[in-house]
C-alpha cells in the first residue's frame, strides 16, 4: 500500500465516514434515515454572493436548476455548460457542487446550469436520467435567453453525473431539430454494471472515497430502490453468460491497457445466473443506465469528448473502456489521467479541511478544454 492509499484510509475516510456513522445511529434510534442525515450534512455549507457571477435559482421542466452567468460583458455569445452532480444518484445537490460550478463559470467564462435532479432510492431509474435530459432540452430550446452560443453547449458531470452526461449525450446524438452538443465532459464516470471485477475494481476495492461494494450498492439503489442481489452483482452472477459474451467486445479486461494491471489483477471465471436474479437487474443492459453498452451507430454520432480518470478509483476502467469505444468510432477524445488521483478528488479542489494538488490540476485541465471549444 502506498502513501496515497494510507493517507486516504486515515484522514479522508475518517472525516467522510463520520456523517454516515452518525446517520446510521440516528436511523437505528428512529430519528431519521441515514440517507436524510448525510444529505443534510452535505447541504449545510452555503456560500455568499460571488462578485464575478450572477447566480439564480430557477425551474426547468419542474426540475430545480441553478444558473451561473459571468457578470463581465462579452463581445460574443458565451459557451453553455449543463452540469450534473455526482453522489451515486443518492447524494449530492446544487449545494454540494456549488463551488465547483462557480469555478467552472468564472474560469471558463461560461454560462453553467447545475441540475438538481431527483435522487434514489425515493426516485428510481430513469427519474434522474429523465430530469437531466429534460433540463438539457429546455436549455437548448432557450439559449437566447442566456446569451449562449448554440454551437458551444457542453454536458458535464462527475461520477454518477458523468453517467448521466454520457446518457444524455447519447440520446441527443441523433437529434436534428436542436443544436448539436459541442462536447461532453465525463469526470470519473460510472458507465456499466455488468462487471464489478475489472482490474480497477480489484485494485481499488477498499480505497476511499468510493469502495467497490458501495459502487454496486449505489447502482442497485438507483435501479431498484434497494440493494437486493448485491452479493450476486459483486461476484458477477447477475447477468447470464450469453449476455456477458454479447457485450464482451466492449466490457472486458482485455480492452484495458496492460500498464493498468500491474498493481495486481486476477482474471475471473464467468459465472451464470438464475432467471430470478436477472429479472431484477436486466435493465443494467439499457444504455440510458449503462452508456458503455450503446451501439456503435450511436457512439459514432457523439461529440468531442473529455474524459478524466483517476488511478486510485474503482471507476477508472469504465472511463478507459469508454475512451477506447469513442476512439474506435472516430470520436475525438481528450483524456486526462490523474496518476495520484482518487474518486471525488475534483470536488475537493478548494476544500477547507483537505485539498489535493491533483484535484486542482484536473480541474484546470477541464477548464482549458472548455476554453478551447
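From the backbone N, Cα and C atoms, a Cβ is placed for every residue, glycine too.
Taken from TrEMBL, the feature active site applies to 159 (among others). For residue 159 (active site), the count of additional Cβ atoms within 10 Å of its Cβ stands at 29 [all protein chains shown].
Here TrEMBL flags 313 (among others) as active site.
Taken from TrEMBL, the feature active site covers 343 (among others). Listed in sequence order, 159, 188, 207, 208, 209, 210, 310, 312, 313, 314, 315 are the same-chain residues six or more apart from residue 343 (active site) with CB atoms under 8 A from its CB.
TrEMBL lists 81-227 (among others) with the feature domain 'Alpha/beta hydrolase fold-3'.
Under the heading domain 'Alpha/beta hydrolase fold-3', TrEMBL lists 274-346 (among others).
Mean per-residue pLDDT, taken over the domain 'Alpha/beta hydrolase fold-3' (81-227), amounts to 97.
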